[in-house]
Amino acid sequence: MKIGFYNIQGGTGKTTVAANFAYILSQSVKTILIDCDIYGGTTAVLFGLEDKEHNLNTYLAGDSAIEDIIYHYDDLAIIHTDVSSKVFGYKSDLNRFETLVKELEEEYDVIIYDFPPNITEDNPLIGYVGEFELVNKVVVVGEDSIPSIVNSLKTIELITDLGIGLTGIIVNKYRGLTDISEIIDDVIGVLPYDQNVERQWVESTPIVKIKTKFTKEMTALANEIASIYLEKDLASLRALRLAKAISELTEVEKSEKDFEDYLE
């Protein structure tokens, strides 16, 4: 299962929601988080990976192997992007991104993408439209303001036009400034504004590990989304993997028997 978090507007808290959602999921299913913002990603800061040599940028440049760029925070696997100014000097072969995803699909139950807030081809969400199924569902992360609602509506329309499945919109940083439900039909969750969220960037730990009002709502929302949208798909995925493993085992046994018959 591949879920992307996106909005054409930056600053809505998309990385916070994606990273904490992924962290919560990782406690029950094998999950990897990919920061897809090759120029402005900040996942490395959240998880304390700023000094790591290998990252998505070096992989896309052909300088790192897949196994080199995967790091772990507790049970969550993470692929981050470079947070230094070196990002502007990397050459990026986005064809390598497809190779990456196809390999990760074999290893992880859930892939979470934190997509950048742009509509250019260096955004995998846009660059791979119609080529292979990069993502199964997209969650739009907006915030409690009129400008964000406007851009969230545009984002929803864009996702629909691209033919990508829309899970809905999460309204982040809610302070009661707007009546979201009267404007947008696809709201699946509301997360409160909580100044404690900024602590995660200082402490390099996901905010859901710290007791806050945001943590309570984020955890409940993540579990609800998982129960509605993931359980059936994960059961099907595991059944397919089991069938494939049995098939491969059968082929091995058949080959061994053929070899034994040959020796006889």
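Backbone N, Cα and C define each Cβ position, glycine as well.
The ATP binding site annotation in Swiss-Prot covers Ile8, Gln9, Gly10, Gly11, Thr12, Gly13, Lys14, Thr15 and rests on sequence analysis.
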### Task
Look up Gly11 (ATP binding site) in the DSSP assignment and reduce it to helix, strand or coil.
coil
### Task
By Cβ count within 10 Å, point out the most packed of the binding-site residues listed: Gly10, Gly13.
Gly13
### Query
Other residues with Cβ within 8 Å of the Cβ centroid of Ile8, Gln9, Gly10, Gly11, Thr12, Gly13, Lys14, Thr15 at the ATP site?
Asn7, Pro117, Val141, Glu143
### Message
Taking only same-chain residues 6+ apart in sequence, whose CB is under 8 Å from that of Thr12 (ATP binding site), what do you get?
### Response
Val141, Gly142, Glu143, Ser148, Ser152, Asn172, Lys173
### Query
List, in sequence order, the same-chain residues at least six positions removed whose CB sits under 8 Å from that of Lys14 (ATP binding site)?
Phe5, Tyr6, Asn7, Asp114, Phe115, Pro117, Val141, Asn172
## Note on the structure
Checking the binding-site residues Gln9, Thr15 for other Cβ atoms within 10 Å of each Cβ, the smallest tally belongs to Gln9
